[in-house]
């Protein structure tokens, strides 16, 4: 998935005439303001090449007003303008999404700006797009463009510098999405699930199966290892099937320890989800791994999803290694 460049208002011009030191909504009979506690700000950030621009497109489709490469110091004047002018109320837009990267001016002021927005009662969330160094290198090489922090050095040097600069922001993020193995369509789906699939007291759950032989996932909140179960790969009539097929699912789920593991894991997940909802975390990723990601992990992922859906949870399932076959 190559990051596409989009052209939007940069926000500087929009904020030029906004009061710089006030974000207090005022009202006139013909021009009603948007209350600050009804206004939302989303920061879209992350590694260059990880899909920020596509994420911005998706967020725009969800009804957010999107501004590209906005210097953090202009966030408050822009929010002030959109709330005090009444333009937000007239247009029905109460949500501002700003794409911010390390090239934005005064990036180090972002923490103070976020604190100010919190003090004003503006709901502010952070979406962080990430990808492995290897994938970022391949994406940059495919488009033959330099990294914004490369400065004539090696591509990996620019990537590592950016990763270091974004460490604190990643820690503060409400959503961290790793796009290393995602297509544009899969990223869109994941964004919609994360941002629209949950309410203020519910948590959207995404479960995916994977193979340990292809690497550990880096974006999972929970990782379950089901390699303790008998491997259908070594059963001749099951080898060419996957955990989506009933014979494999029956074999895996009837194995010694499968039910006991699912019972315990289901209970642990329920407890964690209740806590996450209280902490305003609305999206949880569960990875279930076996050796090759074809049999045991797929069957167990589907069964875990079925159980969680029975509790009324919004659960989606995918198989990371679905295009890889003949693997245990």
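Here, residue 1 is simply the first one shown, and the rest follow in order.
Glycine is no exception: its Cβ is also placed from the backbone N, Cα and C atoms.
Here is what Swiss-Prot records for this protein:
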- 46, 47, 48, 49, 50, 51, 52, 53: ATP binding site (BINDING)
- 101, 102, 103, 104: GTP binding site (BINDING)
- 13-29: compositional bias 'Low complexity' (COMPBIAS)
- 1-35: region 'Disordered' (REGION)
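When the binding-site residues 46, 47, 48, 49, 52, 53 are screened for a C-alpha within 10 angstroms of the C-alpha of residue 102 (GTP binding site), the residues that qualify, in sequence order, are 46, 47, 48. It is 8 Å from the Cα atom of residue 47 (ATP binding site) to that of residue 101 (GTP binding site). Fewest Cβ neighbours within 10 Å among the binding-site residues 47, 50, 102: this applies to 102.
All protein chains included, residue 51 (ATP binding site) registers 28 other Cβ atoms within 10 Å of its own Cβ. Counting only the Cα atoms, the space from residue 52 (ATP binding site) to residue 101 (GTP binding site) is about 9 angstrom.
According to its DSSP assignment, residue 53 (ATP binding site) is helical. All chains included, 18 other C-beta atoms sit within 10 angstroms of the C-beta of residue 53 (ATP binding site). Other Cβ atoms within 10 Å of the Cβ of residue 49 (ATP binding site), summed over all protein chains shown, number 26. When secondary structure is read from DSSP and collapsed to three states, residue 102 (GTP binding site) falls in the coil class.
For the pair residue 48 (ATP binding site) and residue 101 (GTP binding site), the Cα-Cα distance reads 8 Å.
Around the Cβ of residue 52 (ATP binding site), the number of neighbouring Cβ atoms within 10 Å comes to 25.
Neighbours of residue 101 (GTP binding site) among the binding-site residues 49, 50, 51, 53, defined as a Cα within 10 Å of its Cα, are absent: none qualifies.
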